[in-house]
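According to TrEMBL, the protein carries these features:
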- 77-90, 289-301: NAD(+) binding site (BINDING)
- R97, R107, R135, D226: substrate binding site (BINDING)
- D226, D250, D254: Mg(2+) binding site (BINDING)
- 5-360: domain 'Isopropylmalate dehydrogenase-like' (DOMAIN)
- Y142: site 'Important for catalysis' (SITE)
- K193: site 'Important for catalysis' (SITE)
Amino acid sequence: MTAKKLLILPGDGIGQEVMVQVRRIIDWMAKKRNIHFEVSEGLIGGSAYDVHGTPLADETLADAMAADAVLLGAVGGPKWDDLPFEVKPERGLLKIRKEMGLFANLRPAVVFDALADASTLKTEVVSGLDIMIVRELTGGLYFGQPRGIETLPNGERKGVNTLTYTTSEIVRIGRAAFDLARKRNKRLCSVDKANVLECTVLWREEMIKLQQTEYPDIELSHMYVDNAAMQLVRNPKQFDVMVTENMFGDILSDCAAMLTGSLGMLPSASLGAADANGNRKALYEPVHGSAPDIQGKDIANPLATILSFAMCLKYSFNMDHEAEMIETAVKNVLKGGLRTADIMAPGKAKVSTSVMGESIVRELDKLN
Ligand code: ATP
Ligand code: MG
């Protein structure tokens, strides 16, 4: 088997520090499990602007297109706040997502047993929570035409955004979600607003067709988005995989993230279309940003990025076993009482970014 190509883009702020901890795991996999990646590293965001005058150089984009997967830290920071819009660090991230055609955004919300008391909800509502929200990322209300603000003949102004989906756009996000459901617990909830919005009537029809023709083994249910928001807060454990429109997913995934109570723990994946060999473009990154306020202090939580790497192993490299080892290592280290500052609780041992990374590797050694 040829080595998988992994492009690492640490980016700015704590992105650099947390990525060092993933490097430890990559080294460990080479030494202890004889799994080798072809790893290259590049610049994105403000650190790319400082060198190339652009937040995403063409060569870096070409490397991303040629890689089997991209692992990204975070972009942005006060140093680049006053740059013109086109070269802001965040533009680099938007550009790479768009150029790679990453239409499926996967956001797991997992509550680790040891952290169940970190949520703002009652422990029994969230303990054991493990759901996956699949958000359509390149269509829907955020991209539909016509859009803009116009002035009417009577002088009034009118703002317009349009919710559009073609059947092919619905089917490809549907397949991504059904495939995931198949890898998990074979249940998928499609979230729409089919009682009001025609576009989502089409969405629902296509999801039903897909289930009947390609995924008869998956249990498909439907929910209106307003109810889904309520149910996520009332009884989130009823869900397994959810699939939904761009803006609905934006809102629901932030809501689900808060159920877990800790930004520093949340990974994500963004997937593109599969090629003839079934390989898809993919980018993995923590949900949190560059956190300039804690940059360089060795206190950032590296677990969101480490868990993003585990998602990469699972969804891009077919290394489910190693992915689960990493997830178990994270669980065990938390159970053992180690905490970075952001998830600190009374009676636990506060550790630095690097000690957390080392502890994960030590735990992997035990599990190996
Ligand atoms: P962005 O616009 O890139 O999303 P943001 O400012 O909205 O950035 P973050 O950079 O994620 O959000 O930071 C929000 C807060 O959470 C900050 O105070 C930061 O210190 C904290 N934070 C974010 N990520 C981590 C982490 N991995 N470990 C510890 N604290 C974190
Ligand atoms: Mg933010």
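Backbone N, Cα and C define each Cβ position, glycine as well.
TrEMBL: automatically predicted annotations, no manual curation.
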For ligand 1, list the binding-site residues among F85, P89, R107, D254, A291, I299 whose CB atom is within a distance below 6 Å of it, in sequence order. A291
Neighbour tally for Y142 (site 'Important for catalysis'), based on other Cβ positions within 10 Å of its Cβ: 15
Residues close to Mg(2+) site centre defined by D226, D250, D254, Cβ within 8 Å: V225, A229, M247, F248, G249, I251, L252, S253, C255
Highest CB neighbour count within 10 A among the binding-site residues G77, P89? P89
Which secondary structure state does DSSP assign to F85 (NAD(+) binding site), in the simple three-class scheme? helix
Count, for each of the recorded positions R97, R107, R135, K193, the other C-beta atoms lying within 10 angstroms of its own C-beta, and report the residue with the smallest count. R97
For the domain 'Isopropylmalate dehydrogenase-like' (5-360), what is the mean per-residue pLDDT, to the nearest integer? 95
Spatial neighbours of D250 (Mg(2+) binding site) among the binding-site residues D81, P89, R97, R135, D226, A291 [C-alpha, 10 Å]: R135
Using the structure shown, find which entry in A291, I299 (the binding-site residues) has the sparsest Cβ neighbourhood within 10 Å. I299
Comparing local Cβ density (other Cβ atoms within 10 Å) for the binding-site residues D81, D226, D250, D254 points to D250
